[in-house]
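Chemist: Pulled these features from TrEMBL for this protein:
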TRANSMEM  B:21-44  transmembrane segment
TRANSMEM  B:65-88  transmembrane segment
TRANSMEM  B:100-119  transmembrane segment
TRANSMEM  B:131-161  transmembrane segment
TRANSMEM  B:186-217  transmembrane segment
TRANSMEM  B:229-251  transmembrane segment
TRANSMEM  B:257-273  transmembrane segment
């Protein structure tokens, strides 16, 4: 296997011809890219293209059927203690009583066996993480008394409390109202700016994230590609990607927006295929570095 | 004294309470309360209350089968409950699929228990005490076994408390952080089989939910931390069992009935107060 792009020491996540097969079905293959440290990336693609699977592969929780994934310089899974992970399930009903502070503390103490009383330092760490996400004064609230947005902040504080170098969020914007979405993006921007934290998230709606994104991994045609932001924001590419007509608009403020045009109905032919179709017919040459054949 | 239906007060109740079999019943009650209080919390956090309930029924053919073979009831119960626990544990935590498999096995096991009971008259006569409990007939040996189980339970919990808690509350994150969630799942189910085995003699397989799960649910409403909730659950469980013993000595009602009534009452009051406060 020739390595076509020079691997730099400051790459956070490196895919080398990686492929995942689940239950006999090829999810994606030929993942071959490097995401730099300090970047903010979104994993985008239509439903069922394996976005969450990709995150799982980066955490070493889903085995690769081919190739390798390196995260923070070690094989996927080896550096998980330095990764903060916020799954989508934070919104699920909590049947047990637990306060916000106790939940955050589990991020520090939850993996440790044996009798270990919570130390003062650990409490301070938890308080600091909660302050960062704007949960000050809510330490004693029960999770069951909190809204979805608040619970997500608890989940993020829990992920931050161990001072991760990489933060992964699965669909962080889903189920949040506009104000909460703004607040979340603000928190992520600060984490990236002030602590240089690398952030990766699975996202459907890029608009809200555009101000902070430095790049995106798009699961377009059965394999993941990484691009810096200006390359991703291409109408044809996004239309292909989302399976519905998408436009890119540059506004006077300089922001770029990705907008599905309202007149788009089902009758206009759009050049799209389901993920399963594409995986089946779209085979690059096995050698690394093959570009997309358009 | 009034006869008829007469819920007559028994003036000699102190004599009943000081009888030797009562000492065993009180001691067994303490052991059960400690185990149920600690594990009930995890059962609720893991959304495994149905699985816990099912374990008692899966133990039923073990119990009646043991009688058939002349073995101790608790042994047969324990072996079957443990087997069931390991199978349910292997099914994972995907609730919808697991519940159907669990429920199907539950029904089959209950039927098998009935079949074994019909094969011998002694098993048949024990059926009612297995189904509804017979805390007054607990032997010295059983109490000793319960106590040993409690010590083991507390030792194991001391070691796995936090990882078990983390994996119970947030399995996905716990797995990503390196908690051996599969091992925690098997450990939980195996411990649960033990808790069920020692709790069944008190209230029987049918009423076990009110003794293992209900106090923990009340604890969740009252207390604000997992550990405090476990303490509250243990105390409520103990008060229910001991209260059941005392009241059943005073009034002609079976202990099992009063135990589950007290447990349900505490829960209903806690729910009521919680509702009014909101």
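Placement of Cβ uses the backbone N, Cα and C atoms for every residue, glycine included.
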Chemist: Let me spell it out: take the transmembrane segment (B:186-217), skip the flanking residues so only those 6+ beyond its ends count, and list any with a Cβ under 8 Å from a Cβ in it.
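Modeler: Distal contacts: 28-29, 31-32, 35-37, 39-44, 46, 48-49, 51-53, 55-57, 59-60, 63, 73-74, 77-78, 81-82, 84-86, 88-90, 129-135, 137-138, 142, 145-146, 149, 153, 156-157, 160, 164, 168, 229-230, 232-234, 236-237, 240-241, 255-256, 259-260, 263-264, 266-267.
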Chemist: Considering only Cβ pairs under 8 Å, which range in B:21-44, B:65-88, B:100-119, B:131-161, B:257-273 makes the most contacts with the transmembrane segment (B:229-251)?
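Modeler: Between the stretches B:21-44, B:65-88, B:100-119, B:131-161, B:257-273, B:21-44 has the largest tally.
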Chemist: Count, for each of B:65-88, B:100-119, B:131-161, B:257-273, the Cβ pairs lying under 8 Å from the transmembrane segment (B:21-44), and report the range with the highest count.
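Modeler: Highest pair count goes to B:131-161.
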Chemist: By Cβ distance under 8 Å, which residues at least 6 away from the ends of the transmembrane segment (B:257-273) in the same chain are close to it?
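Modeler: For the transmembrane segment (B:257-273), the far contacts come to 133, 135, 202-203, 207, 210-211, 214-215, 217-218, 221-222, 236-237, 239-241, 243-244, 247-248.
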